[in-house]
Amino acid sequence: MRVAFDVIVVGGGHAGCEAAAAAARMGAKTALLTHSRATIGIMSCNPAIGGLGKGHLVREIDALDGLMGRVADAAGIQFRVLNRAKGPAVRGPRAQADRALYRKAMRAALAETANLSIVEGEAADLRIENGEVTGIVTADGRALSCRAAVITTGTFLRGVIHRGKVTMAAGRIGENPAIRLGETLEARGFAMGRLKTGTPPRLDGKTIDWAGLDRQAPDPDPQPFSTLTASIVNPQIDCFITHTTVATHKVIRDNIGQSPVYSGAIGGRGPRYCPSIEDKVVRFEDRNSHQIFLEPEGLDDDTIYPNGISTSLPEEVQDAFLRTIPGLERVAVLQPGYAIEYDFIDPRELKSTLETKKLGGLFLAGQINGTTGYEEAAAQGLAAGLNAAARAGGGAPILFERSEAYLGVMIDDLVCRGVTEPYRMFTSRAEYRLSLRADNADQRLTGAGLKWGCIGMERSSAFRTKMAALQHARGLLEGFNLTPNEAAQHGLKINHDGVRRGAFELLALADTSLAKLQAIWPELREIEPSIAEQIEIDAKYAVYLDRQKRDIEAARRDEALLIPDSVDYDLLTGLSTEIRGRLRQIRPRSLAQASRIEGMTPVAMTLLAATVRRVGADSN
């Protein structure tokens, strides 16, 4: 069979764009199959990238030469670092984006990607031979051959839009859903469910009374997502803050029965951490107000995205409650809000590569795996694209551990625990978050990316230059030291134990900055500012990271205890029916992964460990 493509990616959203670009960077002849070129890179919901936990994912995507960080930098019109007053481990870079600029930059980035073709059409069926995907069949009957395929359907998989009693089949407002592909996947026996998400009404900024609203300014020193972005060139704009009122809540309560979520029309679970305004009013009935961020959708666009009031109430009810909100008394609605319900596949159907267990060569990424958010989708797309290309080329799987990336945390959570509601990334999900900071994503991942072959020449050169500069700076610091008495003469407070301390160790002190040390040793002034900032962060965390390193090494020992594919869980006596069923379904690759399965007990882990050791001994 002549293979037209090595990898076919279905869908041109955030997951699909990253998957296609990643596969192509790996050298795979790649096709991005999308309904329309014009919709590639669309921001379907909020016009923003990053945030707490999410910003870490964007930096990790960038560290592996992905697109989202660079595209967000090209489109960003308000950059802010969330949690700036807290430690670097939990700071979240975020950017408000110009929708038009984002789509333009994403399409340009894909156009510049070698080995990548854009194909218009709707994926309708899979070609399967001997339990493996060999191609995609489009709705108009074209057969596209491939060695691996990545499905990134977002909310399109049998999507249905709800607004009051009005329903329509759609993947996004004004766009057809993927009905036949959903039927194909269901017919193949995948465990599927329904989830829902929502979006707020879009407002005409010219009809908003901005006087009296709180202003949210951008950071004075915008921090790019990408290490390849020298500076942010777009004008930076303000956002504004308003709030719901008692009158708003009364309108919503009086009409709650018209919400499809509360009328029973929608059965899918929505995202807990991004609830609709109806959910907020019902769940937090003691609150008289909820914050709303009025976010401009572009530099040359008067459309305003009111972040915080997604809704599926009827259009006339939306109009009524909007007019009870300060500043929106005479607002014109450009597009009413709505909820969308869609199919997802239980992510426990997946390996840690995001390849399905049922069909070889079929990878899934994004909302089809039960996640919510652009960043979560894009990160999965990157992982799926890398692994699809590796499989197509006969290479080894590319795995991300919990101890090395938020991407590893997310994938492990999905494939081990599954989802009952849309999954969102938070820093609190990572047990090693002191190591997994947004500022060191390149130090954690770019070296691995170079080995895998997904890093381009520009990033490779920039990374090597940065690492050399960091090494030089550390070398400079190691060349200077002080006794406690000498340190005291310079105003540095350390224990008077007679022990000399090097400059890097001194930098770890809470009240010591590199500027103080540069005053003592002027030679340190040759360290450039960006490297100096990184060195300071590394020094402040050094003691804690040394402790965490031991935990990580212990975890990696457990990860190295692999469970052979040949293990028959039905033959293991002493396991409960529930645990046996979960082990059969998930088929964990290691003892460490098995320990994270919901409901796993110490007794079950002991039995499993004994089995692994016995099988290992027999094989030797």
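Glycine is treated like the rest: Cβ placed from N, Cα and C.
Features reported for this protein in Swiss-Prot:
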BINDING   G11, G12, G13, H14, A15, G16  FAD binding site
BINDING   270-284  NAD(+) binding site
Whose Cβ, among the binding-site residues H14, R272, K280, has more other Cβ atoms within 10 Å than any of the rest?
-> H14
Additional residues around FAD, ordered along the sequence, whose Cβ is within 8 Å of the centroid of G11, G12, G13, H14, A15, G16 = V9, C17, E18, A19, T34, T152, G154, G366, A377, G381
Relative to the Cβ position of F284 (NAD(+) binding site), how many further Cβ atoms are located within 10 Å?
-> 12
Rounded to the nearest Å - Cα separation of S276 (NAD(+) binding site) and H14 (FAD binding site) | 23
Tell me, if you would, which residue among A15, C274 (binding-site residues) has the fewest other CB atoms within 10 Å in the structure shown?
-> C274
Would you count the other C-beta atoms found within 10 angstroms of the C-beta of G12 (FAD binding site) for me?
-> 27
Spatially closest candidate among R272, C274, K280, V282, F284, the listed binding-site residues, to G12 (FAD binding site) (Cα to Cα) = C274
Which chain-mates of G11 (FAD binding site) that are at least 6 residues away have a CB under 8 A from its CB, listed by sequence?
-> L33, T34, I151, T152, T153, G154, F156, G366
Distance [Cα-Cα, Å, rounded] between G16 (FAD binding site) and R272 (NAD(+) binding site) = 25
Neighbour tally for G270 (NAD(+) binding site), based on other Cβ positions within 10 Å of its Cβ = 21
Taking all protein chains shown into account, the Cβ-based neighbour count within 10 Å for E278 (NAD(+) binding site) is 26
Among the binding-site residues listed as R272, C274, V282, the Cα nearest the Cα of H14 (FAD binding site) belongs to C274
So what sits near G13 (FAD binding site) in its own chain, CB-to-CB under 8 Å and at least six residues off in sequence?
-> G41, I42, S44, T152, G154, G366, A377
